[in-house]
Amino acid sequence: MAVVTSSEQPALTHLRQDGTAQMVDVSAKAVTTRQATATGTVTTTAEVMLLLGSGGLPKGDALAVARVAGIMGAKKTPELIPLCHPLPLSKVTVDFELSATAVTVLATVKTRGVTGVEMEALTAVSVAALSVYDMIKAVDKHAVISNIQVLAKSGGKSGDWVGETAQQISATEVEDNA
């Protein structure tokens, strides 16, 4: 991981000189294909995971509901995160990996636009994880949402980026989710 020194510190683009917030002017940026993948985890009990996998939860099919919630979350990002630009999203996928005691949410968002979709991918994961939590809280009040992070992004002036966590996941899994 690269260490950024104070002389290399990038400017916070959402702050003006006087420290007040602003929406960044992206009007001069080139339209490119942009994509971001994010992940997060909901940890619960093995008993709840059996109910989740079999569709036996009191509220119904948690993963189907969470998938739609995540997609809706991505589409609503600029309404939830004040300085995000509204973007025409081309594609949003929300998938789940089940283990003995956890649900891993993986969301990929794609657009052709002038700014990236990392926030949309993070919002999709967050809302999907919140939805899973809502669906299981009747049977596990101690479930935990954690590790929400961007795995990878591509497109735009800053180019492609793959985080350390994504390097532990096969590149095929991240790209297949696109």
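Glycine too: its Cβ is placed from the backbone N, Cα and C atoms.
The domain 'Molybdopterin cofactor biosynthesis C (MoaC)' feature in TrEMBL is assigned to 23-156.
According to TrEMBL, the feature substrate binding site maps to Leu83, Cys84, His85, Met119, Glu120. Met119 (substrate binding site) falls within a helix when secondary structure is assigned with DSSP.
The feature active site is assigned by TrEMBL to Asp134. Taking all protein chains in view, 15 other C-beta atoms sit within 10 angstroms of the C-beta of Asp134 (active site).
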Worksheet, complete the sentence: Other C-beta atoms within 10 angstroms of the C-beta of Met119 (substrate binding site) total 22
Practice prompt. Identify, in sequence order, the residues in the chain of Cys84 (substrate binding site) that are 6 or more apart from it along the sequence and have a CB within less than 8 Å of its CB; answer 'none' if there are none.
Written response: Thr77, Pro78, Met119, Glu120
Discussion item. Per DSSP, what is the helix/strand/coil residue tally across the domain 'Molybdopterin cofactor biosynthesis C (MoaC)' (23-156)?
Written reply: 46 helix, 45 strand, 43 coil
